[in-house]
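Report on the following structure.
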Amino acid sequence: MQNTAKKATLPATALAALGVVFGDIGTSPLYALKESFHAAHGLGIQPENVLGILSIIFWCLMLIISIKYVAIVMRADNNGEGGIMALLALNLRKAKIADNKKIYMIAIGFIGASLFFGDGIITPAISVLSAVEGLSIATDVFDPFIMPIAIAIIVTLFLVQKHGPAFVGKFFGPITLVWFLSLGILGIHSVIQTPVVLGMFSPHWAIQFIYHHPIMTFFVMGAVVLTVTGGEALYADMGHFGPVPIRLAWFFVVLPCLVLNYAGQGALLLRDPAAIENPFYLLVPQWALYPMIIMATMATVIASQAVISGVFSLARQAIQLGYLPRLSIKHTSESEEGQIYVPFLNWLLLIAIIILILIFKTSSNLASAYGLAVTLTMLCDTILVAVFIYSAWKWSLPKVLILIIPFFILESVLVGATSLKILSGGWVPLLIGAIAVTILMTWKRGRELTFAKLEHDTLSLDLFVKSIGNSVHWVPGDAVFMTGTPNVVPHAMLHNIKHNKVLHQRNILVTVVIEDVPFVAPEERITTETLAEHFFRIKIFYGFKDEMNVPKALMQAYEQLGLEYDLMHISFFISRDRIVHSVGDGMSPWREKLFISMQRNTSPVSDFYQIPTNRVVELGSQIEI
């Protein structure tokens with residue numbers, strides 16, 4: 001994907017990145033400062049308090065986004081790709097950690113990924129609600145319609161997902177640029193009237209606020225975290241745009257405009273403390289209120305689209321790495337490989353978002369649910385990056401600790417602050433995260449047990465090939481057996497002999513191997529092995545972001561083996577495993593039932609590997625775990 005970024009000019013790529021990478025963090029001014037003061041119950045809106053909270057916001061943006069993500073985390077790339085799954089795969093490949101201890105690192109990666117799924121539910125709900133709530137500033141007439149309008153926008157957004165964002169996507173960058181410039185202009189207009197607000201850049205205001213209000217600071221931090229939501233996106237989308245355009249957009253457009261807008265809202269509060277009701281929209285001149293509401297709604301839809309696309313992409317990576325069951329994945333663009341649509345996840349997200357809006361009703365209520373997911377994800381990133389720096393960059397442990405501990409302490413404080421809101425909404429991301437982690441861990445463990453059972457109970461392939469001789473009837477044609485255990489005889493082959501009493505002239509065992517890299521070079525795609533006159537073994541290697549097309553890869557394999565390739569003379573034999581519970585070591589009964597249920601509902605192998613259905617023969621088998 002980085003090739004696309006390289007072909008385009010740097011400013012054009014930075015503009016495109018604005019619409020995808022910064023949509024989430026760009027909509028934070030709609031609610032972040034308001035929630036920071038709401039969190040500080042009873043704290044007067046005096047100048048020292050306004051400047052103190054603004055200073056905390058500014059330095060959180062600088063420390064967490066500018067230094068941690070932009071300067072450090074974005075250097076921890078997996079062959080150009082970013083995101084928590086890519087970082088986990090990179091660490092599993094590079095870190096010299098005992099297998100029995102890798103489970104802890106996998107758990108951290110799973111927790112971070114699971115919370116991102118939660119983010120995909122909470123972000124559209126809070127963003128769209130906060131934008132539409134601007135209508136209540138214009139007139140009370142709209143008050144009863146805020147929720148229905150927000151739900152209608154969300155439903156429309158999810159209905160068009162199957163068509164992909166390609167058509168409207170080209171407008172995302174320019175619209176988001178106008179949005180950020182609007183934020184900056186509104187801020188400048190207010191700051192000029194009350195320039196004393198620029199004192200927020202001095203850290204002494206933050207230190208003074210923390211010193212005089214230590215308990216209140218803890219509550220305020222739980223809302224200040226809303227200003228850094230979307231920081232993960234800078235890293236997660238790095239593979240699409242490259243680090244340079246993202247850094248360019250951040251330092252030259254996003255950061256200045258965000259800081260100016262927060263300063264402008266603070267200046268407004270210094271002039272009129274009553275504006276705390278909704279400092280963002282009260283910053284807007286009356287004549288520009290409706291255009292700004294429309295612009296804010298467009299910005300939140302773009303932010304939501306970016307998060308939804310991120311969830312689809314993360315799910316695809318998890319599926320290909322073997323952490324999630326196969327789901328149906330549709331490609332919505334012929335030219336852009338990364339534009340995908342996952343129907344099951346699409347409708348699941350839509351239902352969950354509507355339920356959230358109906359339960360919480362306002363963006364202020366949802367803010368409690370939002371912060372905890374963000375802070376925990378950031379903490380997971382910090383831990384995994386520390387492992388990466390130690391193992392890949394070969395830094396000494398003291399040096400790593402000196403770099404990482406300040407971020408770890410800051411984010412631990414943010415986690416603690418947002419944890420205070422568990423009862424008022426923080427339970428939402430925890431519940432979503434717990435469900436997602438359970439699914440990820442159960443599927444991974446279930447697959448391990450299944451493959452171990454197959455390896456243990458099935459005949460060795462080498463022994464089978466040596467002993468088969470001329471005891472079976474050979475029929476013309478090629479039989480391709482898809483198998484995850486290349487060293488044993490596939491169940492489908494055994495069933496073919498048992499029921500049909502035949503073997504094909506050419507029996508080809510194909511195993512798909514997913515590497516811990518985003519993409520595998522075409523020349524490294526295939527390894528082939530001739531086992532005997534009638535038997536061949538092929539391994540096809542893909543990265544976790546590669547397009548998987550087995551028939552296409554087989555053309556290359558046949559060429560290496562010196563065989564004639566004709567898809568219409570190839571039969572693909574696939575074993576449809578039926579998993580059943582057995583007494584003994586393994587998983588707890590409820591996890592086995594969950595795994596069996598997921599196994600039954602996986603997308604067909606033929607769809608996943610793009611094998612024509614008219615060339616597929618499915619044979620059932622039963623495996624006890």
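Just so you know, glycine gets a Cβ as well, placed from its N, Cα and C.
According to Swiss-Prot, the transmembrane segment annotation covers 13-33, 53-73, 103-123, 141-161, 172-192, 206-226, 250-270, 282-302, 340-360, 369-389, 400-420, 422-442.
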For the transmembrane segment (103-123) against the transmembrane segment (422-442), do we get 3 or more Cβ-Cβ pairs below 8 Å once near-sequence pairs (under 6 apart) are dropped?
yes
Below 8 Å between Cβ atoms, which of the listed ranges 53-73, 282-302, 400-420, 422-442 makes the most pairs with the transmembrane segment (340-360)?
422-442
With pairs 6 or more apart in sequence, are the transmembrane segment (369-389) and the transmembrane segment (206-226) linked by at least 3 Cβ pairs under 8 Å?
yes
Quick check: do the transmembrane segment (53-73) and the transmembrane segment (250-270) share at least 3 Cβ pairs under 8 Å, counting only pairs 6+ apart in sequence?
yes
Whether the transmembrane segment (13-33) meets the transmembrane segment (422-442): three or more C-beta pairs under 8 angstroms:
no
Report, as numbers and ranges, which residues of the same chain sit near the transmembrane segment (250-270): CB under 8 Å and 6 or more residues beyond its ends.
14, 18, 22, 25-26, 28-29, 32-33, 37, 45, 47, 50-51, 53-54, 57-58, 61, 65-66, 70, 177, 180-181, 183-184, 186-191, 193-198, 200, 227, 234, 276, 279-280, 282-283
